[in-house]
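Report on the structure given below.
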Amino acid sequence: MSRAAARFKIPMPETKADFAFPSLRAFSIVVALDMQHGIGDGESIPWRVPEDMTFFKNQTTLLRNKKPPTEKKRNAVVMGRKTWESVPVKFRPLKGRLNIVLSSKATVEELLAPLPEGQRAAAAQDVVVVNGGLAEALRLLARPLYCSSIETAYCVGGAQVYADAMLSPCIEKLQEVYLTRIYATAPACTRFFPFPPENAATAWDLASSQGRRKSEAEGLEFEICKYVPRNHEERQYLELIDRIMKTGIVKEDRTGVGTISLFGAQMRFSLRDNRLPLLTTKRVFWRGVCEELLWFLRGETSAQLLADKDIHIWDGNGSREFLDSRGLTENKEMDLGPVYGFQWRHFGADYKGFEANYDGEGVDQIKLIVETIKTNPNDRRLLVTAWNPCALQKMALPPCHLLAQFYVNTDTSELSCMLYQRSCDMGLGVPFNIASYALLTILIAKATGLRPGELVHTLGDAHVYRNHVDALKAQLERVPHAFPTLIFKEERQYLEDYELTDMEVIDYVPHPAIKMEMAV
């Protein structure tokens with residue numbers, strides 16, 4: 001929470017919670033099909049592959065950490081009524097999962113009527129009937145009751161539900177397709193799911209395959225694959241890294257590590273419908289991103305405040321040794337000087353150390369931006385700068401991401417941001433910066449009653465540190481997944497008072513983290 005007095009904070013409007021949740025929940029598909037895209041006859045599956053049934057159970061039941069569901073967290077399976085009825089009674093509802101059945105007429109009581117009477121009350125806790133199609137189910141799963149308690153939503157059939165999944169508005173929320181390909185043709189099939197669909201607007205990438213193997217039951221050959229929609233936005237980042245490493249020039253730098261560098265690039269990321277561009281080809285430290293951005297917004301300059309939260313991204317630049325090397329011998333250890341947050345909230349004020357009270361001192365650029373957006377959204381001077389030439393020598397590190405310009409689309413009521421970053425560490429810094437300015441744009445949009453629009457990231461000296469080359473080559477081999485969603489579980493009276501725990505990133509399916517050393 002901000003130390004500032006209330007009159008110096010930015011009050012949040014009554015509309016602050018309007019876009020706290022997405023319109024529809026992201027989801028995945030689990031399906032098995034033969035060589036003619038057949039999935040069944042409407043009542044049963046015309047092949048026997050026990051390994052696929054085991055995969056289905058594990059994939060839809062276990063959480064992403066491969067642990068079983070808990071009272072607070074489980075997955076959901078969405079199915080049509082015929083698919084529900086095709087499940088043997090003894091397995092209804094599917095254990096350990098929230099079963100969402102799409103039906104215009106059935107009730108929970110009717111669906112559970114075939115069960116022994118003594119089991120119905122407990123089973124009712126695991127079944128929800130949605131009067132509508134897949135979109136209505138995803139709308140329900142995007143609401144507060146389920147957004148945090150459901151980790152992954154799986155669409156499991158039948159044919160009409162799969163067909164709906166491949167059409168708007170559902171297709172925009174489809175993150176993964178787990179497909180078991182049966183290397184045979186079942187003449188009994190009367191229901192089909194062509195995947196990948198021909199002439200589809202969405203391109204699909206094969207993310208993984210367990211390899212073609214033979215079932216121990218009937219000897220059928222099968223292959224379990226995972227497909228993901230092509231993430232063109234993350235590919236911008238990967239392609240830029242590849243271009244830097246192939247065509248950039250080798251340069252020495254102040255850290256002594258050395259870089260491969262090129263000058264001038266740009267990437268664009270959509271923030272619409274709660275989308276958060278948190279890179280997936282490696283796990284990005286979201287907690288660090290969020291806490292640092294809130295630290296900026298509060299005008300704080302003590303790295304110790306972050307270290308106390310076990311966030312050590314500024315420790316190197318706040319060390320006694322580093323401060324002394326910058327000539328900042330009078331700064332207390334971990335006092336970074338008038339860096340980002342100070343310039344955002346107190347531009348031009350005389351810096352007297354991180355412990356001083358700066359209420360009302362300098363230019364509060366963030367507050368000015370919020371007020372101007374609300375009163376004059378067409379203003380072309382909606383800029384925030386951290387680059388103060390008069391204060392650079394007092395900073396532990398001059399700002400790398402130094403200028404943000406905001407833009408209001410008055411036709412769509414969307415707020416977009418263009419970030420200019422002079423020095424761009426592609427391996428460590430840039431993934432952080434993308435997510436950080438996405439969050440800043442989302443919060444400013446909340447404070448001004450607008451929807452988040454787009455983040456445009458303009459890079460000056462875009463470079464790869466030489467000691468990051470091998471790690472980045474490994475990252476380039478990975479297939480990007482869909483970006484996650486940011487939700488707000490709690491709201492605050494003032495912009496500066498939002499906390500990490502008020503937000504949650506859901507449907508984030510990244511590859512493992514990749515260790516890279518920070519050049520100090």
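Counting starts with 1 at the first residue shown.
Keep in mind that glycine also has a Cβ here, set from the backbone N, Cα and C atoms.
The domain 'DHFR' feature in Swiss-Prot is assigned to 26-229. Residues belonging to the domain 'DHFR' (26-229) score a mean pLDDT of 95 in the model.
Residues or ranges marked as substrate binding site in Swiss-Prot (evidence: similarity to another entry): V30, D52, Y162, T180. Within 10 Å of the C-beta atom of V30 (substrate binding site) sit 19 other C-beta atoms, taking all shown protein chains into account.
The NADP(+) binding site annotation in Swiss-Prot covers A32, 38-44, 81-83, 102-105, 157-164. Cβ neighbour count for E43 (NADP(+) binding site): 14 (other Cβ atoms within 10 Å of its Cβ, all protein chains included).
According to Swiss-Prot, the feature region 'Thymidylate synthase' maps to 234-520.
Around the Cβ of Y465 (dUMP binding site), the number of neighbouring Cβ atoms within 10 Å comes to 24. Taken from Swiss-Prot, the feature dUMP binding site applies to R254, H401, Q421, R422, S423, C424, D425, N433, H463, V464, Y465.
Residues or ranges marked as active site by Swiss-Prot: C400. C400 (active site) carries neither a helix nor a strand DSSP state and counts as coil. In sequence order, Q421, R422, S423, C424, D425, G429, N433 constitute the residues six or more apart from C400 (active site) in its chain with CB-CB distances below 8 Å.
A32 (NADP(+) binding site) has its Cα within 10 Å of the Cα of these binding-site residues: D52, T180, taken from D52, Y162, T180, R254, H463. Of the candidate binding-site residues, E43, K82, Q160, Y162, the one lying closest to H463 (dUMP binding site) when CA atoms are compared is Y162.
Checked against S103 (NADP(+) binding site), the binding-site residues V30, Y162, Y465 differ in C-alpha distance, with Y162 being the nearest. Nearest by CA distance to Y465 (dUMP binding site), out of the binding-site residues V30, E43, Y162, A163, is V30. Y162 (substrate binding site) and E43 (NADP(+) binding site) are 16 Å apart (CA-CA, integer value). A gap of 58 Å separates the Cα atoms of G157 (NADP(+) binding site) and R254 (dUMP binding site).
In the three-state DSSP scheme, D425 (dUMP binding site) is classed as strand.
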